[in-house]
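These notes concern the structure reproduced below.
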Amino acid sequence: ETSKEDGRPKWDNKFQYILSCIGFAVGLGNVWRFPYLCQIHGGAKWSLCFPLGRDIALLFEGIPLLHLELALGQCLRKGSIGAWNTISPYLGGVGVGSWVVSVLVSLYYNTVLTWVMWYFINSFQEPLPWSVCPLNENRTGLNEECYESTAVNYFWYRKTLNITPDVTESGTLQWWLILCLATCWAIVYLCTIRGIETTGKAIYVTAIFPYLVLTIFLIHGLTLPGATDGLAYLFTPNLNTLKNPRVWLDAATQIFFSLSLAFGGLIAFSSYNPQKNDCEKDAVTVAIVNSMTSLYASIPVFSVLGFKATTGYWDCLDRNIISVINEFDLPEESIMRENYTAWINILNSSYPEKIAGLKLKSCDLQEFLDQSVSGTGLAFIVFTQAIILMPGSQAWAILFFIMLFSLGLSSMFGNIEGVFTPLLELQIVSKSMPKELISGIICLISFLIALCFTLGSGSYWIDIFDSYAGSLPLLVIAFFEVIGVAYVYKMKRFSKDVRWMTGRKLNLYWHITWRFISPLLLLIVFVAFVVLQIQKSPSYAAWNPKYEGFPMKEEKVYPPWVVSICVLLAVLPGVFIPLVALFHLIKRMRRSKDPR
């Protein structure tokens, strides 16, 4: 047992610690990744797997790993690198891998916060900048690129990202994004300037405020026309989709990534706890809150998406109705949305050539509901387009982007702590150097590296970071975490530690999951993930105004040198595990040969 006065910072109270863990786990993915997965798998075609695949992953993968990390940090009172070096020097690479992932993910998260800040600033303009197309250079008409797509797409791809048509074309640095990026890192610095001593205060706002905004959106969203269609889309099951293995894989990986496991931040957070603390209860609490948040966030999101789909469906009908009325010289309001189908059937039976000549669009509500956009697109394209249609759109936009910023900032606290704590413990920097200076150096270096994401090709690289740096490495690290505790540190010893901390004996559930089920499930998910990845060439969707199918995105294959970077990002964190083990093995062999 460590001494009570070991000089290590401590949480002000238990609630602050739980909020920090929840804030780290509940991130932007809960707002856009889970709803996106719901949408691409057809609403409840996915949500029917929620009590099946996702709960299986939560019970046998998520909660056991969460408990393991919280118990490990609390017991050893060290960050990721220090904790795994204590377990065994041969496992030091697990901590190094977590540290590398935290660095990479921090760059990703703060770039997304940069985009959020840019939208937040523009939310104060009336009308909203993404609601109207600008004039062309000659001011004789609308901008052609905007006219061919939409004002929302134009603002995102041109006015925000100024995106290049290919990942190989870097483009120029965007000054507005540089300013927003610098501001975001300055805010992160101020909040993390003294580690948990400052983030512990900020978390009361950044972790609680998003729930308040989600509730406001929930109440307002349910009053919008089409909200019931969106919710019906979410909760109406389709058993056929259960045959698709991708649904089950996404269910398993979603719960794993949404809990922020294997980043090192949770180990760092729990290391500031008193050793006599019920880490088992903490793990279950954080896991349940995180899962319920994903479902809770989906209700207002799908209410708004239902509203957007219904509005688009009505606009489609209205355009067709106007065309038919003008063609047949019918009285105004003779054809309404309610009787449109009946009129078309009658006119088509009598005047089929005329109806065919009108080239009426096919208006199907289901097609509008099926339109999905992944990740950032859900927030910056789909949701912003829906906000434009709401009464008082400016206020809703401001609320929405403050919520996103709070969610991202809470996650950043955990990532920065995962970077900050090991640096202090390993004494890489002098003890005389103040924390404020160390935090400042970390944020400054991160800002300089992240400048590459403000280039015209920056969003393509952010997608690469999201797809490769924050997926496969986490599975590898988590697998060795479980193996390290269960078979290197030994379950008997770890059980005694947990019993001493919590005051009760570990039940059979923890023994079975840590020893057998969790490593096996992680191995299965890892193999399935790799198999799915190698079945297709790595590709991306490019925004290219010169593409013949524009405004549809052009599907392109990554060039070999970009694929090499993708592989590097996927392999880099995990490669430290065998390298560090090999280093210590060689070191041990040299010592055994040298009698001195």
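Note: Cβ is positioned from N, Cα and C throughout, glycine not excepted.
Caution: TrEMBL annotation is automatic and unverified by curators.
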Feature transmembrane segment in TrEMBL, mapped to one of the ranges 99-124, 437-462: 437-462
Per-residue Cβ crowding (10 Å cut-off), top of binding-site residues Asn30, Ser258: Asn30
The transmembrane segment (203-227) touching the transmembrane segment (15-32) per 3+ Cβ pairs under 8 Å rule: yes
For the Na(+) site built from Gly23, Ala25, Val26, Asn30, Ser258, Asn290, Leu407, Ser411, further residues of that chain with CB within 8 A of the site's CB center: Ile22, Phe24, Gly27, Gly29, Ser260, Thr293, Ser410
The transmembrane segment (247-269) and the transmembrane segment (203-227) contact flag, 3+ Cβ pairs under 8 angstroms: no
Among Ala25, Val26, Leu407, which are binding-site residues, the residue with the most C-beta atoms within 10 angstroms of its C-beta: Leu407
